[in-house]
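The next block holds one structure in the form of structure tokens; read it before the comments.
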Amino acid sequence: MQNRTVNQDQTEMKRKKKKIQQMRYSICNFVFTTFNHYLVVFIPYNMSFFEYKDTIEEGDLVLAYVTRALIKPIFVKKGEIFNTRYGHFEHDKMIGLKYGEQMPGAKGYGFIHLLYPTPELWTLSLPHRTQIVYTPDSSYIIQRLNVAPGSRIIEAGTGSASFTHSFARTVTSSGKVFTYEFHEPRYLEAKKELEEHNLTNTTITHRDVCHGGFNIENETINGDVVFLDLPSPWDAIPHLESVISTTKRVGICCFSPCIEQVDRTVKKLEELGWTNIEMVEVSSRRWGVRKEMVRTVEDAVMRIRDIQGVRKTGIEIMKRGSSEEPPAKIQKTGKGYKTPKKSSKVKEGDENYEWLNVTKSESEIKSHTSYLTFAYKVPKKEETE
């Protein structure tokens, strides 16, 4: 009976330990879920996406670059540990380091890079609540709509707030971003992130703009740039008339995954007097750059001789049969094909060898997420006078 009680206690201890580990991991992702309820962890934050600082302090947001495909956002807090399969990284040792530094693991193996948060890096690391607008699309939209410091943005469909960060950084403190989200849990998460990231030039509103419009009480919006990431943008476009600028040219971009959505959006834009309507698809492809060892004709000839020698020896062994003892292993010239093998430990770019820069692109284009429909509205003469 006593042994049974001890086993139960051990099982309970293991269960609690596992639960604590899961909670710690979830905290690194800003929130953790217990019994389907959200517990928000508030940590003092003293930095901004508008500015840059050199030294990491407690409470700062750090983007831990583990691999190109894995960038984790973490808040630096004394006593915490960031765990990866490449090693353990103590938050205490991050404090005082410079942004951009390489940090070794606690046990002497593995490393990460501690990067300063930018909208582009945040897009690659943020916790996804919806499909997001990636940098190839967002950068093109910002350029195409002439977004600049002082611009006033109307964004509907906040989602994961990826593009919201890019807008807020571009318009700076002299501009304003009005963003709307109809889904309440996503609205609350986005609101918390915008406050943590000190994006004071951004106002987020919980509303379905397709039915409730864009007007905000006691606020003059006067937008000159509109971005709609909605299932039915044609329902929201008529509500824009009361909130867009009447003295400037206003640009709009609708982000739609289906061509049928584009068709209905274009018809509504034409009906309401928008001009210069054009649909664009952005296709980007990554290019990898590396160094390839230069091989001369003499190297190639010596390599061929090595291969022919090995082949000739193999044929002779087959002819003699397996009853005879095999001859001594053929000695290669060692002067042939110079390639950096793993065993040779030749570092790429070694000055003792001649190298050539080469590139290779991705075999598939992976960037398509939606079609971009652009249009513009020019104020009437009597309104500008």
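Numbers run from 1 along the shown chain.
A Cβ is built for glycine as well, from the same backbone N, Cα and C atoms used for every other residue.
What TrEMBL records for GLU181, ASP229 is S-adenosyl-L-methionine binding site. When secondary structure is read from DSSP and collapsed to three states, ASP229 (S-adenosyl-L-methionine binding site) falls in the coil class.
The region 'Disordered' annotation in TrEMBL covers 321-350.
Residues or ranges marked as transmembrane segment in TrEMBL: 23-45.
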Minimal Cβ count within 10 Å, across the binding-site residues GLU181, ASP229, points to ASP229
